[in-house]
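Here the structure is laid out as structure tokens; the discussion comes afterwards.
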């Protein structure tokens, strides 16, 4: 494989594999693309020529499981010079709806470029910088497509969909609207342009294993 594209939804990654099948001009219409991991509840995996399309669910634990097993697969398949791109949606911060954020650095909820993980009883801190050359290459590609607003910025990764991302509509909410807006302003000033739940683990594992990785997220609202 030359490219691996990963995203949260199994249906979305199946549709992406079908899209790549057509774009690459492969034989057939791609409608019957097979799930390589059929029978497993972990994730769905599809192949379209040199492109592997994999779902990973939502959150750091889910993407971490998939990435560990994907990286072992790539190693045993003797794949070299693989580019891995995280695609999907996110909550944008101070940007136009419909924009795509290409991540230069993933940051945690304190706006720090780090991924903290407890290994045995030690807290291990890992870097979350992504491939900046790949980010610039993707940005250049976006300029060839009309009406496709794209920018490079920091992506904030949280452990929670509701309170962790400043939402007021969850089952619990321990802060005011004013407190939320003050936090989001500080995030914006720190360079954050979108918020999601996987980027720090994604960046850390790609960096540790020598994979050229990038995250591209569409801001819906």
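Along the chain as shown, the residues are counted starting at 1.
Heads up, the Cβ atoms here are built off N, Cα and C, so glycines get one too.
For residue 88 (phosphate binding site), the number of other Cβ atoms no farther than 10 Å from its own Cβ, over all displayed protein chains, is 20. Residues or ranges marked as phosphate binding site in TrEMBL: 42, 86, 87, 88, 89.
Residue 165 (substrate binding site) has a Cβ environment of 19 other Cβ atoms inside 10 Å. Taken from TrEMBL, the feature substrate binding site applies to 165, 167.
Under the heading domain 'Nucleoside phosphorylase', TrEMBL lists 3-212.
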Long-range Cβ environment of residue 42 (phosphate binding site), under 8 Å and at least 6 residues apart: 65, 66, 69
Spatial separation of residue 167 (substrate binding site) from residue 86 (phosphate binding site) - C-alpha basis, Å: 24
Among 89, 167, which are binding-site residues, the residue with the most C-beta atoms within 10 angstroms of its C-beta: 89
Model confidence over the domain 'Nucleoside phosphorylase' (3-212), averaged pLDDT: 94
Same chain, 6+ residues apart, C-beta under 8 Å of the C-beta of residue 87 (phosphate binding site), given in sequence order: 5, 6, 7, 16, 216, 217
Maximal Cα-Cα distance (Å) across residues annotated as binding phosphate, namely 42, 86, 87, 88, 89: 21
